[in-house]
Ligand SMILES: Nc1nc(=O)c2c([nH]1)NC[C@@H]1CN(c3ccc(C(=O)N[C@@H](CCC(=O)O)C(=O)O)cc3)CN21
Ligand SMILES: CC(C)C(=O)C(=O)O
Ligand SMILES: [Mg+2]
């Protein structure tokens, strides 16, 4: 069992070892890399998940554009809009005490121009009260990363398999194999050079992830990138088994929420139908 103090250690402990409640800042993530301490990151899209994961000691929460398929019920991450994501970001940032909240910029909200990217990032900071933003892209998006960073907004980059480009990449495919190795490495260097504070590596080979993690001074956050990245991220509904079905190979299931929730709903239904709910203790006179 990991103690709360141990979980909290990287971003502030008092003399007693108890967490000080200090907010996680981007420099803490770099310091954890320097100390060789891997850190966890999860998605969150609402108040209860944000509160629970924050208190569980998850230092970074991502309001992913994956809300597109995990909240709004679209089939991919492409359709979700800035106006659909900002209220989710606001709910998450209101609900955390320590976690750094990163907001994903959705498809179409930053690709048009550097100016559009800065304007969208500003909206997520002002209206969503996010602490940082994330965008998909490597070399080609270095100017966008640089301009957002220059505006005082920390940027997490996302390279390798970038779901917003699934049609151009030809589906959900592992990146960085054979000839593509050097391109993923070049993308990683480009976003670091542009000022990104961290970079997500999605569905790349463990070999390319290891090389990049060694090369860069900023933390790498893996999802389907093997064991050698500085951090690991998963979509919470996948790792807690709320989403049913096979899912990507990189997911490990830590709970069966679909089972727990289905049986609670069935029990409630049976008790209502059987006149067993509500009981006297739930009734006013
Ligand atoms: N629920 C959820 N989990 C995610 O991890 C996730 C989202 N949604 N939405 C946005 C993107 C899309 N992602 C995905 C989704 C599916 C695969 C997938 O099916 N991968 C297969 C094929 C890999 C291969 O080509 O070998 C796998 O078996 O992992 C991968 C990434 C990651 N992100
Ligand atoms: C899978 C993570 C990295 C993401 O971008 C998302 O949830 O949108
Ligand atoms: Mg995303």
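Yeah, the Cβs are placed from backbone N, Cα and C, and that goes for glycine too.
Fair warning: this is a prediction, and the values are worked out from it, not measured in the lab.
Taken verbatim from TrEMBL:
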- 202: active site, proton acceptor (ACT_SITE)
- 65, 66, 104, 134: 3-methyl-2-oxobutanoate binding site (BINDING)
- 65, 104, 136: Mg(2+) binding site (BINDING)
- 1-22: region 'Disordered' (REGION)
- [ ] Ten-angstrom check, please: count other Cβ atoms within 10 Å of the Cβ of residue 136 (Mg(2+) binding site), all chains counted.
- [x] 24
Open item on the list: Quick check for the class: what is the C-alpha distance, in angstrom and rounded, between residue 65 (3-methyl-2-oxobutanoate binding site) and residue 136 (Mg(2+) binding site)?
Closed with: 11
- [ ] With a 10 Å radius around each C-beta, find which of these recorded positions (65, 104, 202) has the fewest other C-beta atoms nearby.
- [x] 202
Task: Collapsed DSSP category at the residue listed as 'active site, proton acceptor' - done: strand
Open item on the list: Rounded to a whole angstrom, what is the C-alpha distance between residue 66 (3-methyl-2-oxobutanoate binding site) and residue 202 (active site, proton acceptor)?
Closed with: 13
TODO: Please report how many Å separate the Cα atom of residue 134 (3-methyl-2-oxobutanoate binding site) from that of the residue listed as 'active site, proton acceptor', as a whole number.
DONE: 13
- [ ] Measuring Cα to Cα, tell me the gap between residue 104 (3-methyl-2-oxobutanoate binding site) and residue 136 (Mg(2+) binding site) in whole angstrom.
- [x] 9
Open item on the list: Just to verify a number: CA distance, residue 136 (Mg(2+) binding site) to residue 202 (active site, proton acceptor), in angstrom, no decimals.
Closed with: 10
- [ ] Mind running the recorded positions 66, 104, 202 against ligand 3 and keeping the ones whose CB falls under 6 Å of it?
- [x] 66, 104
